[in-house]
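Per TrEMBL, these features apply:
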- 5-75: domain 'MIP18 family-like' (DOMAIN)
- 87-111: region 'Disordered' (REGION)
- G124, K125, G126, G127, V128, G129, K130, S131: ATP binding site (BINDING)
Amino acid sequence: MPDRASVIAALDAVLDPKSGKGLVAAGLAQGLTVAADRAGFVMEVPATETALYAPVRDAAEAALKALPGMERVSVVLTAEAVQHAPARRTASLSPQAVDQTRPKAPVPTDRPAHVRRVLAVASGKGGVGKSTVAVNLAAALAARGLSVGVLDADVYGPSLPTMLGISGKPDYRDGMIEPHVAHGLKAMSVGLLTQADDAMIWRGPMASQAITQMLTQTRWGTEEAPLDVLVVDLPPGTGDVQLTLIQKTPLDGAVIVSTPQEVALADARRAHVLFQKVKVPTLGLIENMSGPIFGKGGAEAEAKRLDVPYLGDLPLEAAVREAGDAGRPVVLTDPDGEVAARFAAIAERVVEALRL
Ligand SMILES: Nc1ncnc2c1ncn2[C@@H]1O[C@H](COP(=O)(O)OP(=O)(O)OP(=O)(O)O)[C@@H](O)[C@H]1O
């Protein structure tokens with residue numbers, strides 16, 4: 001069985017391209033867990049550097065897999081949560097703080113035409129798998145025969161183009177944006193409207209303007225063929241940008257994604273408070289990356305505490321990431337698998353809650 005010391009030695013033989021140090025020495029092996037025949041950790045890097053670190057993640061996985069007795073390896077590369085909002089507002093969302101940030105007059109929210117329901121997928125913390133859940137939940141809803149759209153509103157790290165394998169600026173016709181169609185899903189991403197990394201520098205007003213435009217000026221549905229549900233992948237966090245967005249977006253409900261760890265759960269709690277303030281029902285919590293490495297059950301306990309439904313857990317599995325990287329959600333690459341079954345169950349509960 002591989003022990004912790006040999007895992008650390010293997011990881012330190014892989015070098016961080018920026019500091020030149022080994023991965024553990026460089027502090028890039030966060031939450032390193034070694035248990036019997038498996039090991040895993042999270043590599044959290046600045047969002048602008050995920051491309052630089054993708055080969056490093058692959059090298060780390062290869063190094064761990066090469067250890068004798070090592071059966072399962074999970075290295076998750078995530079972008080650091082970008083905290084653009086001032087700390088005094090994001091540190092804790094007291095009711096007063098939320099009221100201060102809320103404009104005095106009600107903000108008009110334009111419903112997109114011919115869209116029956118708008119569902120937000122949110123997370124308090126970055127890198128917990130929110131976009132993965134958004135695209136797979138969308139695919140699971142579509143598998144039930146619904147017509148589904150996905151709007152990637154994650155101005156900090158739009159990942160929908162990669163996860164659905166779409167690229168290129170969308171067409172404009174008759175004053176409307178034509179969404180891309182991928183795997184039967186209508187899709188629009190802030191990443192399709194900008195050059196690769198431009199989205200990273202967007203700030204509140206610009207971001208919410210772009211999202212309002214994508215929401216209301218995209219031909220999601222028509223009178224003859226309305227869209228049943230539009231899944232909106234929100235930017236992670238609970239700061240001003242998120243608050244503005246959820247105030248301006250006519251949301252019928254939200255699901256909150258968290259990993260099992262306490263720090264992510266605390267952020268999930270803040271996200272729920274934010275939705276409560278704007279009177280958007282939290283349809284439930286989803287635990288992602290659940291299992292022996294990061295733990296299990298944290299989100300279910302948190303859902304109980306918050307008195308919101310618990311929608312289920314999704315295991316940490318390399319196939320989930322590989323499918324996402326290859327532009328095809330795992331629900332479609334492995335429709336008979338365990339993960340697809342979990343998403344089908346979550347989709348069923350969402351359909352009930354949204355009365356679709
Ligand atoms: N259950 C899982 N098993 C394995 N890998 C996963 C799982 N869920 C997500 N991932 C991987 O973790 C990384 C982060 O996921 P994702 O981009 O969906 O997170 P996010 O919360 O949307 O991130 P961001 O905050 O940057 O928007 C991706 O590489 C994704 O493929």
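Backbone N, Cα and C define each Cβ position, glycine as well.
Bear in mind that TrEMBL entries carry predicted annotations, made automatically and left uncurated.
Computed over the domain 'MIP18 family-like' (5-75), the whole-number mean pLDDT of the model equals 87. For ligand 1, the binding-site residues lying close by, meaning a CB under 6 A from one of its atoms, are V128, S131; the full candidate list was G124, K125, V128, S131. Counting every protein chain shown, 27 other Cβ atoms lie within 10 Å of the Cβ of S131 (ATP binding site). Taking each of the binding-site residues G124, G126, G127, G129 in turn and counting other Cβ atoms within 10 Å of its Cβ gives the largest count for G124.
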